[in-house]
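Visitor: Once you've had a glance at the structure underneath, I'll fire off some questions.
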Amino acid sequence: MLSCDCPVCPAERAAGVYHREARSGKYRLTYAEAKAVCEYEGGHLATYQQLEAARKIGFHVCAAGWMAKGRVGYPIVKAGANCGFGKTGIVDYGIRLNRSERWDAYCYNPNGKECGGVFTDSKHVFKSPGYPNEYENEQICYWHIRVKYGQRIQLQFLEFDVEDDTACMADFLEIYDSYDDINGFVGSTAEVPPIPVARVTDLSFL
């Protein structure tokens, strides 16, 4: 069980479609890597039609990602000057001839477990799937918390209970203070963690 009080907003997921970045940060996945990420989580790269269906019910992400058949684009619900060129719909970069280009990924898994997301609100409580009951086996969650430049993040763990393993080889929580997996690494724990304060935080619950 894991419950955390911190700045969050609804996860970027709708109609079985969700957005994934590489663990090392934004725009780091080749087509093959993006495909592997989705398949590892039990799904596959979303088609253009699946991404559009998700967009129509509110799925909005300002980040280009791989789709099925080597296509790249991103869904815009609300027009804005800083994203989507002031238009709504799927911003479509088309089918890429160079599959080694690096983007994010849009995965599709209608049976996927609701877990993780990108959060921006001032305060919220988020929980592991099934809380207060035990989470399922092979559960992997990524929470990314974003705040404006100069702001800080405080994480308060209201309840923390994972499988006993001080070596962190079974269940554990990792915290990063940036997109960088190495330089931004704050710590990993299988016990009740202290209250960390950071600027940009990635929470990985495995």
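Our numbering is plain: 1 for the first residue shown, then up by one each step along the chain.
In case you wondered, yes, glycine gets a Cβ from its N, Cα and C as well.
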Visitor: According to TrEMBL, the disulfide involving CYS62 connects it to which residue among CYS38, CYS83?
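Guide: That record, TrEMBL, gives the partner as CYS83.
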Visitor: Disulfide-wise, see what TrEMBL says CYS107 is paired with, picking from CYS6, CYS9, CYS38.
Guide: CYS38
Visitor: How big is the gap, in Å, between the Cα of CYS107 (disulfide bond) and that of CYS62 (disulfide bond), rounded to a whole number?
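Guide: Cα to Cα, CYS107 (disulfide bond) and CYS62 (disulfide bond) are separated by 15 Å.
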Visitor: Can you tell me the CA-to-CA distance separating CYS38 (disulfide bond) and CYS62 (disulfide bond), as a whole number of Å?
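Guide: Answer for this pair: 19 Å between alpha carbons.
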Visitor: Report the member of CYS38, CYS62, CYS83, CYS107 (the disulfide-bonded residues) whose C-beta atom has the most other C-beta atoms within 10 angstroms.
Guide: CYS107
